[in-house]
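Working notes for the structure below.
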Amino acid sequence: QINKMFGTVVVGVGIAGLARIRDLMNPMPSSPSEHLKLFGFVSRRSFGNINEVKQISLEDALRSKEIHAAFISTENRSHEETIRMFLEAGKHVLVEYPMALSAKVAHELWEMAEQKDKVLHVEHIELLTEEYKQLKKEVAGKDLVKGTLHFTGSVLDENKTGFPAFSGIARLTWLIDLFGDLTVTSATREKQKDKNYSRMTVHLQTANKKPLTWIEERGPGMRREKKINFCFTSGCLENFPQAPRSAVGLFMQDQNLFAKKLLGQVSKEELAAEKWRILRCLDLAEEIQQHCEQPEKICS
């Protein structure tokens, strides 16, 4: 595998897609990313070239023998179809989270990747931030009593991004990564159409029956930020620990991880743990959506 090169294509050129093109063009010296070679990008809009990278048709990308892997940076709603096409064409896939907008589909796609012996890698840059790494250190070994993670952000077009439990799955990923497996006890959602406002409140429980609350709130002009309040037997954590800036960009860290998988340099245990976490979070996201969409129970 030492000299093996993997031809890649970037599908979708929004913010993430452009970051992918930049990082594939400038891999970190002597990192696994040096084994990735960008052949072009696919977009519904016509660009011609972006920084020397040529636009190619989806058909050519799927057919090309030189392209071994696709970086999928399209809108959430079209992840499923795009992953399916590239797996069917025998390509490895890196996709931005969430990999799909239904748990059933996610499990199917994962099975398909395994049957075809292809890497299906879901980007989770929220676990790679220095802020998060410090938080994880801080939480390690402490006994949770209760906690809240409250996210605010600007309005999303749900037709493209899906239900908030899916578009906000990064928060769920944090909670599961910090506190282990969780179950949903209840979930509700308040929407004010006229104000373009939405607030989803999810009540979760750890394996030791400790309560966690996840709030995903979006409205016009809301600042993108996360607030935490985790109480442990030893005291409460209400602010993020100070964290240095990372020398390596988040997308580059993620790209290196993908390249490592292609090169067979990630252990079976790590791959299994990651698969469990990703699919578990999608199962929970679906369950949360079902809770929120249930008609109000009328109590007599």
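Using N, Cα and C of the backbone, Cβ positions are placed for all residues, glycine too.
Just so you know, TrEMBL annotations are computer predictions that nobody has curated.
For VAL13, GLY14, ILE15, ALA16, SER43, ARG44, ARG45, TYR97, the entry in TrEMBL reads NADP(+) binding site. Summarising the annotation, TrEMBL assigns Zn(2+) binding site to CYS281, CYS292. Annotated domain 'Gfo/Idh/MocA-like oxidoreductase N-terminal' per TrEMBL: 7-124, in sequence order. According to TrEMBL, the feature domain 'Biliverdin reductase catalytic' maps to 132-244.
Features recorded in TrEMBL, as mapped to the structure shown.
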{"residue": "VAL13", "record": "NADP(+) binding site", "Cβ within 10 Å": "22"}
{"residue": "GLY14", "record": "NADP(+) binding site", "Cβ within 10 Å": "13"}
{"residue": "ILE15", "record": "NADP(+) binding site", "Cβ within 10 Å": "8"}
{"residue": "ALA16", "record": "NADP(+) binding site", "Cβ within 10 Å": "18"}
{"residue": "SER43", "record": "NADP(+) binding site", "Cβ within 10 Å": "18"}
{"residue": "ARG44", "record": "NADP(+) binding site", "Cβ within 10 Å": "10"}
{"residue": "ARG45", "record": "NADP(+) binding site", "Cβ within 10 Å": "6"}
{"residue": "TYR97", "record": "NADP(+) binding site", "Cβ within 10 Å": "20"}
{"residue": "CYS281", "record": "Zn(2+) binding site", "Cβ within 10 Å": "28"}
{"residue": "CYS292", "record": "Zn(2+) binding site", "Cβ within 10 Å": "19"}
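On the 0 to 100 pLDDT scale, the domain 'Biliverdin reductase catalytic' (132-244) averages 97 in this prediction. Sorting the domain 'Biliverdin reductase catalytic' (132-244) by DSSP state (H, G, I as helix; E, B as strand; all else coil) yields 30 helix, 50 strand, 33 coil.
Spacing of VAL13 (NADP(+) binding site) relative to CYS281 (Zn(2+) binding site) is 26 Å (Cα to Cα, whole number). Pairwise Cα distances among VAL13, GLY14, ILE15, ALA16, SER43, ARG44, ARG45, TYR97, which the record gives as the binders of NADP(+), peak at 22 Å. For the pair ILE15 (NADP(+) binding site) and CYS292 (Zn(2+) binding site), the Cα-Cα distance reads 30 Å.
With respect to their backbone Cα atoms, SER43 (NADP(+) binding site) and CYS292 (Zn(2+) binding site) stand 34 Å from each other.
In this structure the alpha carbons, written CA, of ARG45 (NADP(+) binding site) and CYS281 (Zn(2+) binding site) are 33 Å apart.
Calculated from their C-alpha atoms, the gap between GLY14 (NADP(+) binding site) and CYS281 (Zn(2+) binding site) amounts to 25 Å.
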